[in-house]
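Structure, as structure tokens:
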């Protein structure tokens, strides 16, 4: 549904050049919720603004619903009209609500339809339908100043859906909201994704957002995507930075003659008592140093850091047993004080 190829964006100011996007390749499948995560300055917002050509890429291509938007970004009037038509099928929700304070909630939702030349009666019908969809039917005649932050964002979402988009872009839509309101907005986005078949591309710096609703995710650093895939694929990738960030675990070995192992489990393996089976099978005492578990995409997933007695060479067979159960295993290198992962699972 969304594909970028070799996407580059260079900003020029006062003789200086800043590369915000450096050859970004991204593929978002139809009907999925895709999260792009990264620190401030990683290039996330530049990426999402290039997807609908609010920012014109320096080079590379952007394809949405099979249409090459970069090919429509010419300078002539015809190119501009075609690009506007293509953009009408892409909704966008911003961090700041950008509601017109002098208009009622219903009038704010009607604004895109008004610009498209839709008749007044049809605009009103559509706006009320969308307000019902986001749970704000009773606020149709209210003004933005009378709404909470979460309600304002719901109006922003309804407005973004006015043109019946196939794609919804969300740029840090929950970062200004409290945790409870954030959860309700994320649930709304997931519900809309399922009810309307929307493809959702969201930008965030919060791991909880990815855990809550994303089917796939990508990690951005310095204008590049350094890791991407479905959440389940990432959890099964040895040494995955995203998996470690989604489910962080800590804990150091109690002695030099101990082996510390990070165990990642998801799907059916997450419901099996594999640690107790390991202890009974090999008659060894196992210490649990830390654990993180949650439900992602309806599946129970998590990571656990355990300590086994003896050095690594003494634990090759027990570690092999864990792998046979379908678990991802990363052996933690004790020689590094920061517990750098040895990508043992890649062997």
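Just so it is clear, glycine is given a Cβ too, placed from its N, Cα and C backbone atoms.
Database features, via Swiss-Prot:
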type	residues	note
BINDING	38, 39, 40, 41, 42, 43, 44, 45	ATP binding site
DOMAIN	2-247	domain 'ABC transporter'
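Taking the Cβ of residue 40 (ATP binding site) as centre and 10 Å as the limit, one finds 7 other Cβ atoms among all the protein chains shown. For the binding-site residues given as 39, 45, the lowest number of other CB atoms within 10 Å of the residue's CB is seen at 39. Of the listed binding-site residues, namely 38, 41, 43, the sparsest Cβ surroundings within 10 Å are found at 41. Long-range Cβ contacts of residue 44 (ATP binding site) within its own chain (separation 6+, distance under 8 Å): 36, 37, 38, 171, 203, 204, 205, 220. Those same-chain residues not listed among 38, 39, 40, 41, 42, 43, 44, 45 yet with C-beta within 8 angstroms of the centroid of the ATP site C-beta atoms are 205, 220. Per-residue confidence over the domain 'ABC transporter' (2-247) averages 90 (mean pLDDT, predicted model).
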